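> The following block contains the structure, expressed as C-alpha cells.
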Protein chains: 2
Amino acid sequence: MPNSESVPSLLNSFTDKWSPRLVVAINDHHVKVAKIDGEFIWHAHPNSDELFYLLEGKLTIELEGHDDVAMQVGDMFVVPKGVRHRPVAEEASIMMIEHESTINTGDETSSDRTIQVKDARRQY
Amino acid sequence: MPNSESVPSLLNSFTDKWSPRLVVAINDHHVKVAKIDGEFIWHAHPNSDELFYLLEGKLTIELEGHDDVAMQVGDMFVVPKGVRHRPVAEEASIMMIEHESTINTGDETSSDRTIQVKDARRQY
C-alpha cells in the first residue's frame, strides 16, 4: 500500500507552466496539479466535467455564453462537460479532477498546447 | 452557470463532526468536506475508491492488513475500493472524493454513525 502524496511537496518540485502532474487516481478519474500563468486556449471536454480548485494565485474561468467565474484561493468550480472555456491565470497553482481519458486541450487536439500528463506518483 | 464554491467559507459555516458537506459534483463523483475528530468505525467501500485530502489537523488512516498511513496537512491518500479502513483524526478538516453512491460507513450500513451527506452547494 503506498504512502500518502504531499501536494505542497509536489508543487515545490517543478516550475513549468501548463504541464499537469498526476497526484493520485481514484476510480476512473485523475487528480492533477498544475502551475499556470496567462491565457490558455479556448476548448471543451466532450466526455468529462472538469474541476478546478485554486490553491495559489488568481484564476478566472471564461465560459462561452456565460459570465466569467473569478476564483479566489480556496475556491472550487466545475466546468460541465461540453462547455467551451478558457482559464486565464496569474501565477496560479491549481488542482484539477477529471475523467482519466481527458486531454488538457479537450477537443482542440492538434493544439501546440496539448501535453501528456506527467505521472508524479512515487513508485513503491 | 453557478459561481465557484469557497472551501474555506464552507468549512467556517459548520462545526459538527463526521457530517460531510457536498461541495461540488463532478461526473458521477462527489467532492465533500468534513470535520472529524477521534476514531471512526472500521468499514470498507465495496464499489468506490475513497480519496482523503488533509486540509487541517492530523489524520491517520488505519488499513486492514497494511501499515497505518500517517498524513500531514496537504497530503492526499486513496483507499482502494474494498479495503477495510478506519480514519483516526485530531481536530482535522478533510476533503473527500468518491463515487456519488458512496455511504460514509460503507458496508457497515446499520451503524449509528451512518449519515446522509448535506448538500452545501449554493442555490441559483
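Every residue, even glycine, has its Cβ placed from backbone N, Cα and C.
Below are the features I grabbed from TrEMBL:
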type: COMPBIAS; residues: A:104-114; note: compositional bias 'Polar residues'
type: COMPBIAS; residues: A:115-124; note: compositional bias 'Basic and acidic residues'
type: DOMAIN; residues: A:37-92; note: domain 'Cupin type-2'
type: REGION; residues: A:104-124; note: region 'Disordered'
> Over the span of the domain 'Cupin type-2' (A:37-92), how high is the average pLDDT in this prediction?
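Summing pLDDT over the domain 'Cupin type-2' (A:37-92) and dividing by its length gives 96.
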> How do the residues of the compositional bias 'Polar residues' (A:104-114) split into helix, strand and coil according to DSSP?
0 helix, 0 strand, 11 coil
> Within the compositional bias 'Basic and acidic residues' (A:115-124), how many residues are helix, strand or coil going by DSSP?
0 helix, 2 strand, 8 coil
